[in-house]
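A short worksheet on the structure shown next.
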Amino acid sequence: MASVTAPQSEPGALLSPTKKSFVSKIPRRRSFEGSLPPPSSDNNQHDEPTPPKAKMDKHQQYIKELEEKKRKEKEEEQAKADKQCRLRVKLRQSILQRAAAIRSESDEQTKDEEPTQDPEMTEDEKKAKAAAQKKLLQKQQALLETMKAKRQKEAEEAEAERLKARKKKDVTRKAALGNQEVPSRMQDALEKFNQVAAGSAVSAVRVKKEEKSEPVAALTPEEKERRSQQQEAIKRKQVEYLQKLAEDRKLKQQEEDAQQQLLQQKRAKVREEAMLKAEAAKHNKAPAPPPQNEEENKPVEKPKVNVEAMVSRLSKLKASEVQLVPEAKDFASWKKRNGVAQDTKVFCLTGWYPVIKETLEKRGWFHNPDRNSPYFDLKWALKSDDLKNVKLNEDQLVNHFLQNTAITTKVGLLHNLRNITWFLSEDIDSFFPRAYDLNEPSDMQATKQHFRYIHAEGMLKRLGVQCQAFLDQDIPVLANAGVIDVLLAVCLKRQEILPDDALDNSDSCGVEPLVTDLQWEVLTRCNLNGPSAIRAAFVYTKPPPPETSEQPLSPSEQKEEAKLARTQDKLMEAAFAKEKARLNSLLAQVAPLSIESAQEILAILKVLEAHCPQFHLNGADSKNVWIVKPAGMSRGRGIRVFNQLHELLAYADVENHKECQWIVQKYIENPLLVCNRKFDIRQWVFVTSWNPLTVWFYLDCYLRFSSEEYQVDDLSDQFVHLTNNSIQKNGENFYKAYSTEDGSMTVEGNMWHSDDLNEYLNRKFGLDAETGESIFKSKIQPRMKEIVVWSLSCVQDSIQHRKNSCELYGYDFMLDDTFKPWLIEVNSSPACDYSTAVTKRYIETGLEDILKVMLDVREYDMKRKSNQPAKMPDTGRWENIHKGEFIAKPLASFGGSDFEIKGKKMTKKNQRQTLYRRVSDVATIDEDTPMQLNASVDEQEPEAAEPGPVLPPDVDELL
């Protein structure tokens with residue numbers, strides 16, 4: 001042991017000063033000789049394995065701590081999940097208990113109200129009750145399904161978390177096992193470094209003796225084999241991954257090469273055809289050939305080389321080099337870089353339009369695949385938003401106008417169609433079902449009033465059927481005198497206020513609402529064929545205060561206004577009590593209708609039919625059905641159908657969600673049915689200019705059917721009431737074919753071409769008696785053309801016009817049972833996908849012909865402007881139905897200027913100030929001017945000699 005400890009105790013005795021400093025910096029293995037007792041033959045075997053065992057215990061302890069931590073986290077997550085499950089169970093129980101309590105309360109209320117009502121329920125009440133129960137059951141089922149889906153989703157998330165934790169645990173275990181091998185490897189590396197760096201015999205002896213005293217535990221053959229297998233597996237995976245990357249890169253390169261080769265072939269073919277045409281033209285223009293002797297003496301001319309095409313082809317960059325080169329400076333340099341001739345037209349596409357692409361390539365155009373590139377002659381974009389960030393040149397063609405929401409949104413179309421009387425002598429109610437914007441307070445009140453009126457109109461229609469049977473077959477009609485009085489009062493008031501001035505603005509000054517709250521109480525709660533009474537709890541309610549003016553009132557004016565309001569409330573309350581007593585006395589009387597009363601009811605119905613354009617649209621047996629639509633959505637999203645006002649308003653919930661805009665529109669209750677199914681018509685319209693307004697109408701259209709037969713008993717069935725293809729394609733019967741009533745025609749894919757509709761109408765209804773043509777060509781299509789022109793004329797001043805812009809619109813129409821078209825909405829970027837065989841045929845022909853209008857007609861107009869001879873090109877099935885006059889200064893050019901004029905009340909104080917100001921102005925001018933002014937005043941007011949205050953002429957006129 002002395003030989004071993006001597007070098008360690010005195011290292012400076014054997015090393016030079018330089019080696020001393022070097023050896024002191026070499027990391028050494030921790031020495032255990034000073035702390036351990038001298039080794040002996042008995043305890044060497046027990047002391048040697050001690051350090052590895054301590055290291056193993058440390059790592060095992062770390063792994064155990066990780067496992068314990070994971071176990072605790074898992075237990076906490078399980079406890080949270082159990083707690084949430086218990087909360088959901090409690091919530092479900094509370095909901096069920098609340099529903100049971102509400103149901104019991106409603107039963108008690110119905111029991112309490114039963115003595116005041118008839119002992120027997122009518123058929124309508126039974127149907128309403130059954131529908132309410134059905135809706136309640138559907139809501140409960142929907143709630144249970146939602147909770148079930150939520151539980152299933154939570155279970156899936158918990159399972160995913162468990163898998164994730166298991167994977168993480170495996171990774172941690174592998175990392176811990178790997179950490180056990182790292183210290184031994186680092187120790188070996190340090191020992192080798194000491195051997196190489198020290199370079200002294202002392203360090204070599206020390207290292208050798210340390211190796212003898214502390215032998216490293218050798219790996220077993222099994223561990224070595226396992227480690228080698230792991231390394232080989234890792235190498236194998238790396239090689240496979242690199243091979244896969246190389247194969248993918250090779251396939252991608254092959255595809256790019258194939259595309260480039262195909263593109264080069266197309267270009268070569270186009271250039272070859274162009275060269276052949278050019279040579280043919282040269283031969284036609286060439287003079288007569290000289291004699292043969294001269295030809296033999298002349299040298300043979302070689303064909304000319306197209307230098308421009310060669311330069312373009314050679315200067316074209318590879319796909320891999322394009323990213324390394326900056327963008328082109330202009331269109332010419334871009335064409336040169338991409339190998340495109342300077343006279344070749346370029347187009348871009350955003351969206352899937354294969355017909356546009358194929359047709360333009362047949363015309364010799366080049367497709368620029370970069371959607372965001374500014375270098376194009378024509379760009380066909382899916383949406384107008386694709387063009388907002390592009391700075392367009394004047395000669396670039398695009399297929400969208402900016403700011404076209406005036407016609408492509410439901411709310412914009414509604415507000416602009418209301419202004420049709422400023423442009424045309426047409427009534428909006430003659431072609432557009434009555435609609436309201438629920439976010440406008442005035443429209444909200446008008447919606448309630450119109451809903452009430454249609455309810456009264458439906459009751460009068462049903463009573464009219466009984467009156468007609470009474471006059472024809474002498475069948476007596478028992479009716480409640482109070483209900484008849486209210487019905488006649490409402491309908492006579494509607495007849496007197498036509499056109500609908502008061503209906504559109506029920507709060508207008510001096511105009512009573514069309515249906516008062518008291519009348520609505522009678523119409524909804526009193527029986528038409530039996531005695532009834534108004535509820536005692538129904539009392540007068542004050543109307544909401546009107547909107548205050550912008551200018552604040554003085555205290556005296558506020559007192560006067562409050563006093564006037566109190567007086568008016570007293571008068572209104574007294575009138576309400578008097579009218580309630582009068583109606584109660586009439587509601588107790590039930591007697592047969594007289595012949596005069598029946599004739600009066602039928603006469604009122606005839607007057608309403610003659611003056612109300614939407615009288616038949618409300619239905620013969622009006623169910624008062626309305627359709628609610630979100631103002632900014634498409635493809636049928638968020639659309640619902642209602643026949644109860646409180647359900648409609650609760651669904652829209654405008655008061656709590658003012659950021660959402662809703663449109664409510666009258667449901668067409670007398671639609672034309674084919675195969676007992678509802679349908680709408682999609683019609684394409686192409687606008688090439690807004691100033692002058694130029695409209696092209698596609699002579700073909702297609703029909704979209706509902707997949708279920710028409711009925712109004714269940715308004716929640718979207719497959720009956722909505723015809724959008726995006727909704728109907730999810731129905732069970734969407735892919736089923738069905739036949740017409742006589743079995744001569746079938747409907748496949750829930751769509752028909754307009755030719756099929758024309759044939760169906762000819763077979764079932766024959767030709768039009770007046771014109772001798774088909775009903776579709778004599779009534780339906782001409783009316784649709786008129787509606788298209790009217791609607792576009794209303795928004796002409798609202799849309800931003802651009803010279804080389806155009807847009808395709810999709811108009812949606814519906815037909816009633818009298819073959820009258822009704823405009824439903826206007827869509828931008830109508831669907832151009834091949835969803836059915838009908839749409840494929842329609843879109844292929846329509847888009848191919850639309851390029852004729854977009855390009856050929858434009859070229860024709862340019863030639864005409866330059867006084868060049870030109871022939872009108874073929875436009876296929878597109879027909880120019882309107883070309884208006886040019887407007888020098890459209891309203892859209894004013895940029896939203898405010899033309900509002902505000903008046904101010906004249907007072908005596910203002911009159912004096914005006915007088916003093918005019919007198920001071922007169923005093924400051926010269927002497928000649930006052931003489932002229934006095935002369936003019938004398939001429940205008942010859943009787944001004946009477947005493948009194950002198951006022952300006954304009955004040956005299958006002959007074």
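Cβ from N, Cα, C; glycine included.
What TrEMBL says about this protein:
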- 44-85: compositional bias 'Basic and acidic residues' (COMPBIAS)
- 104-114: compositional bias 'Basic and acidic residues' (COMPBIAS)
- 130-144: compositional bias 'Low complexity' (COMPBIAS)
- 152-163: compositional bias 'Basic and acidic residues' (COMPBIAS)
- 221-233: compositional bias 'Basic and acidic residues' (COMPBIAS)
- 1-183: region 'Disordered' (REGION)
- 197-233: region 'Disordered' (REGION)
- 249-268: region 'Disordered' (REGION)
- 278-300: region 'Disordered' (REGION)
- 919-959: region 'Disordered' (REGION)
How does the compositional bias 'Low complexity' (130-144) divide up by DSSP, counting helix, then strand, then coil residues?
15 helix, 0 strand, 0 coil
Positions whose Cβ lies under 8 angstroms from the compositional bias 'Low complexity' (130-144), at least six residues beyond its ends:
95, 99, 713, 716
Work out, from DSSP, the number of helix, strand and coil residues along the region 'Disordered' (249-268).
20 helix, 0 strand, 0 coil
Helix, strand and coil totals (DSSP H, G, I; E, B; other) for the compositional bias 'Basic and acidic residues' (221-233):
13 helix, 0 strand, 0 coil
Going by DSSP assignments with H, G and I as helix and E and B as strand, what are the residue counts for the compositional bias 'Basic and acidic residues' (152-163)?
12 helix, 0 strand, 0 coil
